[in-house]
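Asker: Checked TrEMBL, it gives:
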{"type": "COMPBIAS", "residues": "572-582", "note": "compositional bias 'Polar residues'"}
{"type": "DOMAIN", "residues": "30-144", "note": "domain 'Plastocyanin-like'"}
{"type": "DOMAIN", "residues": "156-302", "note": "domain 'Plastocyanin-like'"}
{"type": "DOMAIN", "residues": "409-546", "note": "domain 'Plastocyanin-like'"}
{"type": "REGION", "residues": "549-582", "note": "region 'Disordered'"}
{"type": "SIGNAL", "residues": "1-22", "note": "signal peptide"}
Amino acid sequence: MPFPIQAFLIALLFSSIIASAAIVEHVFNVEDVVVKPLCQEQMIPSVNRSLPGPTINVREGDTLVVHVINNSTYNITIHWHGVFQRNSPWMDGANMITQCPIQPGYNFTYRFDITGQEGTLLWHAHVVNLRATLHGAIIIRPRSGRPYPFPKPYKEVPIIFAQWWNVDLAVLQLRPAPIADAFLINGLAGNTYSCSKNRMYNLKVVQGKTYLLRIINAALNTHLFFKIANHNVTVVAIDAAYTTPYVSDVMILTPGQTVDALLTADQPIGLYYMTISAYISAHPIVPVPTDRTINGLIVYEGAALNTSPAKTTMPEGMNQISTAHRFSSNITSLVGGPHWTPVPRHVDEKMFITMGLGLDPCPLGTKCIGPLDQRYAGSLNNRTFAIPQTLSLQEAYFYNISGIYTDDFPNQPPLKFDYTNFEVSGDNEYKMLFPERKTSVKKLKFNSTVELIVQNTGIITSESHPMHLHGFNFYVLGYGFGNYDPINDARKLNLVNPQMRNTVGVPPGGWVVLRFIANNPGAWMFHCHMDAHLPYGIIMAFIVQNGPTPETSLQPPPSNLPQCTRDPNIYESPTTNVDLSY
């Protein structure tokens, strides 16, 4: 083929790709409103007066622009959970990590491209407990003309789970949220409660048709099982990454996880409950609510509405752990599917991170509820993360401002011990009860491959923690229980078709092995996605250093980035930029 024709075809292809992208624009007006999803009226912050908030529909390759106007009484940020934010790390919306909050009476515009991923994600507030009412779906469809890697569904349906408390959200801001009074399906509590029995989410279906359920767990602190009576579903994506089709009658979603599942209405015409129930893995310190199930309803076209719906049987007792593990560990990536990439085999940075709860000394003159009359504290390698108070972490990094953080987060805990069967047998073990509180980060070279072995500990309790990494997907190479064995367990890792996620539940008394490529410069949180554990400090951060070109380097922040202070001297351009090593 002559070169001019070849160049013309390449240019034509490039122009068609550009033409297929669009700018999708939204206005998020955040304001306090009165709602009554359960038994009493309550004041909550909402986006555009809706609960859940508005659904964002985009195609892969689009640019999303969201104007956030804060007319509420809260400081807020909006995090675009799972969006890679390639070349747009200032738009991540992580409070005091990539930005200071949007204060009441102010506004900020988020603008970023959505590339390299398709499926279901979520947006939510990233200030403690505000996610309870400030959340919604992000639906990323393929570019125009590109099909799904599965049969086209008859209809697509977002299904969002949330938690609800019978107190104004302002009260929840004062302390970690207690056990929820209810759960919600698309904003409705259903027939479990007498005051909401006539407000149940109904999904109307046509017999023989297939529906794509875009399921999101936006709950603050609770893993949730989901099941539809007498129906199986086929999982086709998780966390906006396609999977090998996986058939199951039950799903588990940790806070922050999403599942795309095909539901075929293949049962006799009738009514069928869809049910969510809590997965509580920390029984010694977290009381199990007496009624943990919330119902929605699948309504077949032509069904008699006065008939009794078919009921679900939800996992109970030890079946909770085995059912959750079976679902979570059996999903694999769709090799060769859209945006699939093979697992990098060479590892540049290998970290062993112990994760769980520890204790923080109780202030004099106060009473604390934790063991030994102390406060709970988060622990990652015996570090409790202290959220910066005066300047965001990313600004401190970009402007080379000292005193905000240290770059000494360790690659392993200070002590090797029996992680899942912890006992205090001396001073060293006692010190492990009290992690050091500081704002410490781990610096990564640009484009390095990082492996994280995350080991759950039993220092306070054995509990499943949903660990979320901002800015990246990671390969989940393996799950297991007990202490990770670097020889025998390493041999079992899946390097062929592991699932890809942005949030993973680390099994209670167990471990996961994760791997990702640090190819996006900036500051990125890695934290437990249970909001009660944010103030405890189950958080650390990675700072990915600049690459060799301007395109692979952290660019200056937008001029209207929210500020914690009005002192302009803090925001003067630095005489030298951040570390340019790679």
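Heads up, the Cβ atoms here are built off N, Cα and C, so glycines get one too.
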Asker: Across the whole of the domain 'Plastocyanin-like' (409-546), what does the mean pLDDT come to? Round it, please.
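Answerer: Mean model confidence (pLDDT) across the domain 'Plastocyanin-like' (409-546) is 94.
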Asker: So, by DSSP, how many helix, strand and coil residues make up the domain 'Plastocyanin-like' (409-546)?
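Answerer: So the counts come to 12 helix, 60 strand, 66 coil.
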Asker: Is it possible to list how many residues within the domain 'Plastocyanin-like' (156-302) are helical, extended or coil according to DSSP?
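Answerer: So the counts come to 10 helix, 74 strand, 63 coil.
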